[in-house]
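Copied over from TrEMBL:
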{"type": "TRANSMEM", "residues": "12-35", "note": "transmembrane segment"}
{"type": "TRANSMEM", "residues": "41-60", "note": "transmembrane segment"}
{"type": "TRANSMEM", "residues": "72-92", "note": "transmembrane segment"}
{"type": "TRANSMEM", "residues": "98-116", "note": "transmembrane segment"}
{"type": "TRANSMEM", "residues": "128-148", "note": "transmembrane segment"}
{"type": "TRANSMEM", "residues": "163-179", "note": "transmembrane segment"}
{"type": "TRANSMEM", "residues": "200-217", "note": "transmembrane segment"}
{"type": "TRANSMEM", "residues": "223-243", "note": "transmembrane segment"}
{"type": "TRANSMEM", "residues": "250-269", "note": "transmembrane segment"}
Amino acid sequence: MQWIKTIFNFYIDASIHVALAVYALIQVTCINYNIPFEENLSIAILLGVIVSYNFLKYAEGAEKYLIVKRKYTKIIQFFSFACAGGAVYFMMKLPLRTWVLLGILTFISALYMIPISKIGKNIRSLTGIKVFIVASVWALITVVLPVLDKRLEMTADLVVETVQRFLFVVAVMVPFEIRDLSRDAQNLKTIPQLLGVRKAKMFGILLMLLLYLFDFLKDEINIGEHLVLAFVTILVIVFVGLAKENQGKYYSAFWVEGIPIVWWLLLLFF
């Protein structure tokens, strides 16, 4: 069954899984706030995430950020080019108001990945801010964009949802940062580097508890959605609590990254 493992590894390595996680969080917002499903936006974001994450993972080791040598990486590169074409196609169908925020987020993502010539660094490498930039972008993409796209009012509940999404992303990144502790440059000042592994876990757990409590600040609470959130909160806490530096290959890359997909599926069926 080697071919199954090959396909699965490509699914992870080509950033399809993380893209589905972002897609799932968009659907979580749409379900929770009865926002009509927008196919063009959802697919454009899914394909765009594949492109941006693959660029982030593979461009740094490529000549002029483009020329890769390994056959496997070339396959991922061609796949990314196809996704980029698809993303542009679906983005062309989006209204101007959505383009404005997408443009801002794309610019931030570019600064995150590509070094600024005068300082020779991208914002990803700046001390202590990587996780918060990623969380901010994910929160804006998965909560604010669907609202803006449908010309809906940014209510107080949606503001709370945006903050919750930010806390969620920071918390689920803790296992990734613990995994990468020995590989990350010390100047990055990631959460485990600053706090140590044990306190980093406690920090992630605290964020999830705050996320859950923030749900009670909303004017309208759906019992089913709230129970699903409670389950997701417990799930994240368990994965954060069990995270370790020498974790299995798929612990963060598949299981932790897949929590948003579980969240979406639970809302669909319950």
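Backbone N, Cα and C define each Cβ position, glycine as well.
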Considering the transmembrane segment (250-269), which listed stretch of 12-35, 72-92, 163-179 counts the most C-beta pairs under 8 Å: 12-35
Spatial neighbours of the transmembrane segment (72-92) far in sequence, C-beta under 8 Å, 6+ residues away: 10, 13-14, 39-41, 43-44, 47-48, 50-51, 54-55, 58, 62, 99, 102
Contact check, the transmembrane segment (163-179) vs the transmembrane segment (41-60), 3+ Cβ pairs under 8 Å, seq sep 6+: no
Other parts of the chain folded back onto the transmembrane segment (223-243), taken as Cβ under 8 Å at six or more residues beyond its ends: 31-32, 168, 171-172, 174-175, 178-179, 201, 204-205, 208-209, 211-212, 215, 251-252, 255-256, 259, 262-263, 266-267, 270
